[in-house]
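What TrEMBL records for this protein:
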- 62-401: domain 'Amidohydrolase-related' (DOMAIN)
- Glu143, His211, His232: Zn(2+) binding site (BINDING)
- Ala154, Asn235, Ala236, Arg243, His272, Leu328, Ser329, Gly330: substrate binding site (BINDING)
- Asp294: active site, proton donor/acceptor (ACT_SITE)
Amino acid sequence: MPSNKSVSDAPIVQFTNCRILRDHQLQREDLWVREGRILNPEKLFFDEKGSADVQLDCKDSIIAPGFIDVQINGGFGVDFSLATDDFKSGIDLVSQKILSHGVTSFCPTLVTSPPSVYHQVLPQISVRNGGAHGAGILGAHLEGPFISKEKKGAHPEHCLRTFEAGAFQDLLATYGSLDCVQIVTLAPEMRRSSEVIQELTKRGICVSLGHSVANLSQAEEAVQHGATFITHLFNAMLPFHHRDPGIVGLLTSDKIPAGRRVFYGMISDGIHTNPAALRIAHRAHPKGLVLVTDAIAGMGLAPGRHTLGQQVVEIDGLNTYIAGTKTLSGSVATMDTCVRHFREATGCSVETALEVASLHPAQLLGIEHKKGTLNYDSDADFLILNDNLYVQATYIAGEEVWQQDVMGM
């Protein structure tokens with residue numbers, strides 16, 4: 001066997017007998033991995049005269065990029081909006097458990113909270129790569145407290161805030177630090193929101209519009225100032241109206257700056273969004289759709305009472321309500337469940353169902369050169385799935401980090 005030593009001592013793994021998702025198509029090709037990256041086999045053969053050290057037969061499975069969840073409030077009894085002394089062990093537990101659902105990277109999400117909670121929790125969140133310890137952390141998603149009282153949803157009203165004279169300074173004082181922050185959800189109709197959107201965007205933070213009563217022109221202005229995302233479309237915003245479609249109208253707006261794409265999150269759990277609404281959004285703007293779980297601490301737990309930040313929630317099947325009300329409060333669906341439901345509800349291709357949970361969130365965050373694809377030189381974070389899109393194994397940086405017990409591979 002020709003030597004690979006000229007370039008690297010690291011072993012080369014070749015995944016064979018598989019269909020890999022590349023360029024929006026499932027292609028019958030092998031996947032080559034070395035040192036946590038996806039290799040170009042032509043370069044390997046012709047430039048290095050190299051070959052595989054290990055071959056793995058995937059038994060005709062699908063290989064797809066790992067899922068990226070940009071809105072997850074917790075799970076398995078852990079609530080990211082609760083300031084606890086063992087917060088780190090909680091985030092570690094969630095990042096470990098979501099590997100079995102195909103999530104290889106995520107944005108831990110904090111709902112509207114008092115400033116003391118942000119000041120205590122945010123310093124304990126650090127951006128890190130995934131591995132056997134769990135999914136990678138891309139940075140925090142801060143959903144609130146600069147949101148509309150009328151569309152607060154499950155967010156506690158007494159913690160809501162508005163922007164005063166020094167708008168961006170208000171935000172900094174509330175959060176304490178933006179060091180590990182990846183996304184901020186705010187209501188664009190609030191006074192002085194434009195300057196805040198511009199400042200956040202300048203710092204490379206994604207601004208999302210949500211929990212809002214904004215009309216379409218307010219939403220368009222926010223996008224012109226740099227906003228690129230909509231938090232859980234249809235939920236916690238004005239309903240679509242034909243004379244002023246509100247934030248929903250961004251999906252087909254002609255006022256989006258050239259070269260810019262507006263993305264929108266959807267909770268595809270069969271509860272938060274009717275399948276017809278999923279279909280309408282997907283058909284109107286397929287390239288912007290990003291699946292999110294919006295999962296709360298009760299994900300993975302038995303029905304009953306759990307928390308979401310400052311509130312008590314009741315779980316009844318897949319329904320989660322603020323205790324004593326019929327206000328929906330996040331979801332208990334897992335990402336792989338959302339992907340399967342989305343495919344069933346929209347009748348879309350397997351490729352599309354996989355990309356709305358991988359490629360699109362990576363594009364939203366501007367990390368598609370390394371995550372969300374199986375392109376050469378990208379991170380080898382990928383899933384092995386069967387034809388019904390059940391996850392059989394999860395890989396991060398080319399290493400298997402979770403495997404279905406009865407996989408038989």
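Yeah, the Cβs are placed from backbone N, Cα and C, and that goes for glycine too.
Feature map: TrEMBL annotations on the structure.
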residue : record                             : Cβ neighbours (10 Å)
Glu143  : Zn(2+) binding site                : 29
Ala154  : substrate binding site             : 24
His211  : Zn(2+) binding site                : 29
Ala236  : substrate binding site             : 24
Arg243  : substrate binding site             : 6
His272  : substrate binding site             : 23
Asp294  : active site, proton donor/acceptor : 29
Leu328  : substrate binding site             : 20
Ser329  : substrate binding site             : 27
Gly330  : substrate binding site             : 33
- Ranked by the number of other Cβ atoms within 10 Å of their own Cβ, which of the binding-site residues His232, Asn235 ranks first? His232
- Message: I'm checking region-level scores; what's the whole-number mean pLDDT for the domain 'Amidohydrolase-related' (62-401)?
- Response: 96
- In angstrom units, rounded to an integer, how far apart are the Cα atoms of Leu328 (substrate binding site) and the residue listed as 'active site, proton donor/acceptor'? 11
- Message: Rounded to a whole angstrom, what is the C-alpha distance between Ala154 (substrate binding site) and His211 (Zn(2+) binding site)?
- Response: 10
- Task: Could you measure between Ala236 (substrate binding site) and His211 (Zn(2+) binding site) for me? Cα positions, answer in whole angstrom.
- Result: 5
- Where His272 (substrate binding site) and His232 (Zn(2+) binding site) are concerned, what is their Cα separation in Å, rounded? 9
- Within 10 Å of Ser329 (substrate binding site) by C-alpha distance: pick out those among the recorded positions Glu143, His211, His232, Asp294, and say none if nothing qualifies. Asp294
- Checking the binding-site residues Glu143, His211, His232, Asn235, Arg243, Gly330 against Asp294 (active site, proton donor/acceptor) with a 10 Å Cα-Cα cut-off, in sequence order, leaves His232, Gly330
- Query: When the Cα of Gly330 (substrate binding site) is compared with the Cα of each of the binding-site residues Glu143, His211, His232, which one is closest?
  - Reply: His232
- Roughly how many Å separate the Cα of Asn235 (substrate binding site) from that of His211 (Zn(2+) binding site), to the nearest whole number? 8
- Within 8 Å of the Cβ centroid of the Zn(2+) site residues Glu143, His211, His232, which other residues of the same chain have their Cβ? Gln71, Val111, Gly144, Ile147, Gly153, His155, Thr185, Ser208, Gly210, Thr231, Asn235, Ala236, Asp294
- Item | Rounded to the nearest Å - Cα separation of Arg243 (substrate binding site) and His211 (Zn(2+) binding site) | 21
